[in-house]
Structure formats: C-alpha cells, structure tokens
Amino acid sequence: KGTIHLFRKSQRSLVGKLTHEFRLVAADRRSWKILLFGAINLICIGLLLMWCSSTNSIALTAYTYLTIFDLFSLVTCLISYWVMMKKPSPVYSFGFERFEVLAVFASTVLAQLGALFILKESAERFLEQPEIHTGRLLVGTFVALFFNLFTMLSIKNKPFAYVSEAASTSWLQEHVADLSRSICGIIPGLSSIFLPRMNPFVLIDIAGALALCITYMLIEINNYFAVDTASAIAIALMTFGTMYPMSVYSGKVLLQTTPPHVIGQLDKLLREVSTLDGVLEVRNEHFWTLGFGTLAGSVHVRIRRDANEQMVLAHVTNRLYTLVSTLTVQIFKDDWIRPTLSSVPIANNILNLSDHHIIPMPSLKAADNLNPVTSTPAKPSSPPPEFSFNTPGKNVSPVILLNAQTKPYGLGFNHGSAPYSSVLNQGLGIPGMGAAQGFRTGFANVPSRYGTNARGQPRP
C-alpha cells in the first residue's frame, strides 16, 4: 500500500526552504511583473549610487534611499502573494498573514534607519562642506522620480495601500492638506486629487524631487553647496515623518492590540450577545488584529443549565462573525450551587435530646451571679439573651456529638442522656448563654420547648 522508508529524510536547510518558497511564488504569473520591476529597481539603484558618488551629493543619496525602499515594498508585495497561496498549518493555525505585517514593519523601520544615517552624515558635512558637482544631479533626480512614481502607480501593493490609509497622517500630509484646501477653494476640480489626503509615498517622492531641483538651481547660480546638506536633512525628516506612523500601526498589529476604530462596534455586539436567551455572562473577551483587515478574537460565554449549548453558540457566532472573522467561543454552563447552612446534613432525630450528648464548657463566672432560668447575669441593664451571644470569648455554643458516631472517651462525662434540669443544677451553663439558649441559637428553626418558668408553665 505504500513504500516503507527505513531512514528518515534529512530536513531542508534554510536556504533550501527559501528556494522552495520562492519557486512557489514564481510559479504564479502575477508575480512575474513584480520580479521584473525588482530587476529594474536593482539596476536603477546601482546607477543612482554611482551618480551619488560622482556628484558627492548627500541629498541625492537620501533620495536614492527612497528607491531602495521601493525595493522593500516590492518584496512585501511578493510576500503578500505568498501568504495568499499558503494555507493554515498546525504550527501556524491562524495562517501566515502576520508575515506581511512583519514585512511592512521591517521596511518602514529600515527606511527610518536610513534617514537617521543621512542626518548623521549631514551633521558631519556642516563642519566641513565638500564641493558638489551638478553634472548628473538633475539627471539622477528625474530618473529616481520617474521610476518611483511608475513603480508605486503600476504595482498594486495591498499591504502598503492598507497601512497608508489606516495609519495616522504624517506632518507632511497635514501641511499639504491645508495647502490643498486653499487651492481647491480656487480650483474645485483638483479636490479629487489632493483631498482628503494624498498618497504618502507619491507625496514624499514629489517633495524630495522638488528639494533636489531647488538644490541644483542654488548651486548653479551661487555655488551655495550648503544647500545640498540642508536638502538632505529635509528629505530625511520627510522620510522619517512619513514612515513613523506606518511603523507604529504595524507594530500595534504585531503586539495583538485591539484597533481603536472597532472598539465601539465590539462593545455594541457584546451587549447584544449578553441579552441573548440563555446567556448569563460574557467574560474574558479578547480581540486583536491578526493581519491587515482581519480581526480575530476569543470569548467565554456562561449560560443557564437548561439552555441549549449549540443554539447559543450559533447565535453568538452569528452576531460576532460580522466583525470578527476568526472567532473562538467557549460555552460553559452555570456552576452555581445553592449555599447550605451547614457542611454536614442534620440527622432526622436532632430534636431528640436522648440521642445526643452535650459537652458543656466550664463556667467562667460564679454560679451565684447567674439566673438559674436564663443562665445570664441578673442585671436590669444587661441586653436580652438574644443579643448577648456575640461577645467573643465569653459565650461559646455547646458541642453536640452524635451517639452513633463519636463518644467523648476520657473526658470524665457519662454516656447517658442528661436531663435539662441536671445540667443547670451542676453549674454547667455558660455565662451569657445557657443550655436552652445554645439550642435556641444553634437551631433557630427547631420548634422545641425546654424547661418551665416560675409559674409552672412551659416556657418556649
């Protein structure tokens, strides 16, 4: 039925696994376009780095870093195609969507590191400004601008398109938006282009090219070489300001935080779930962003004992699935138990004094200070016996033991039943609580009568 392999196959190395996955992606024709743009991007980066070295311009170097960022975005697009091809596995039960989140986070962080490197080099150039050659400065600017815009507009990069819309606006976008409102007030037809906010990648490409053009003109006219360093600082700040909100957003996704814009909708859905028939409580709810546009969550639902688990599960899933695509619901029935007054059951013959023994505690006061009927101090100002047993250390309830279970051996007491009058005559009452009081407070609901009053009538 099958070939039996005596020896286990050796596992692939990391390079072998990457090669296998790359072949899987390259088999899709949609990725051929991305691979073509990636090859052209490498050629363009090589030319720009050569021109940066020949012109000695750090502003052109800062602008070239945007082209390197385009290469990272193309790699992210390939990873997005790879994620769509892969299916969830036992190791990655939620799928591979977080790989594209990690790719976006890594690309934006690397772009910010490049901007910091440009700022460091620019600070050194302010101390000793070298001469800038403008022979290929303008050519390199337009080559980089053309390729960056062509790549951004030709390739549909789903991860970066989502992040650019979901992340907060950068300071460059805010300033351009204020300027665009003024322009659109004069020319309303431009509102579809500039409003509500421009694409941050297209915006930084145009702003960087404009800074390089100003640098070229000032150097050609006045040989003002310091403007190249100033333009490099401006491009680095724009790069850092554009990439930082995207890094923050993708980092929050990696940290499994709940998106702020869906908290209100989640609270509304949870309130609706808590009002379903049979649901007693919704607790331990946790919702997080699994990938770009994918929300996952888990929730515990406590239901009544007589509720149908499958019916409640279907209703809860139906309500939450409109917002949470990957949902885990744990249903458990109510475990409430009616509290009891005692931990052991009371015997049926608890009212029969002959079946029990009373082990009274020793008297703490002289017997002459006690009332023989109530066993409480005979003082007119003392509270009634019902309120005198809460005093700690003075009033102790008698211990009642069953004949069939335990016998107080070695305590010096008889095993027979002792009448109530003999107990009082022996001075075995407790200050603040007599034998009758002990039975009355220990078993308040037992309708028994003990002893007689002074008139010979039975007292309750």
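Including glycine, each Cβ sits where the backbone N, Cα and C put it.
Any TrEMBL annotation is an automated prediction that lacks curation.
Taken from TrEMBL, the feature transmembrane segment applies to 32-51, 63-84, 96-117, 137-155, 201-219, 225-244. As annotated by TrEMBL, domain 'Cation efflux protein transmembrane' applies to 35-255. Look at TrEMBL and you will find 371-390 tagged as region 'Disordered'.
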### Query
Excluding the flanking five residues on each side, which residues at least 6 beyond the ends of the transmembrane segment (201-219) place their CB within less than 8 Å of a CB in that stretch?
57, 59-60, 62-63, 66, 73, 132, 134, 137-138, 141-142, 144-145, 148-149, 152-153, 160, 164, 172-173, 176, 225, 227-228, 231, 234-235, 238-239, 242
### Task
For the transmembrane segment (225-244) and the transmembrane segment (32-51), decide whether they are in contact, meaning at least 3 CB pairs lie under 8 A, counting pairs 6 or more apart in sequence.
no
### Message
Same chain only, please: residues at least 6 beyond the ends of the transmembrane segment (96-117) with a C-beta under 8 Å from a C-beta of the stretch. Say none if there are none.
### Response
62, 65-66, 68-69, 72-73, 75-76, 79-80, 82-83, 86, 88, 159-160, 163, 236-237, 239-240, 243-244, 246-247, 250-251, 253-254, 290-292, 294
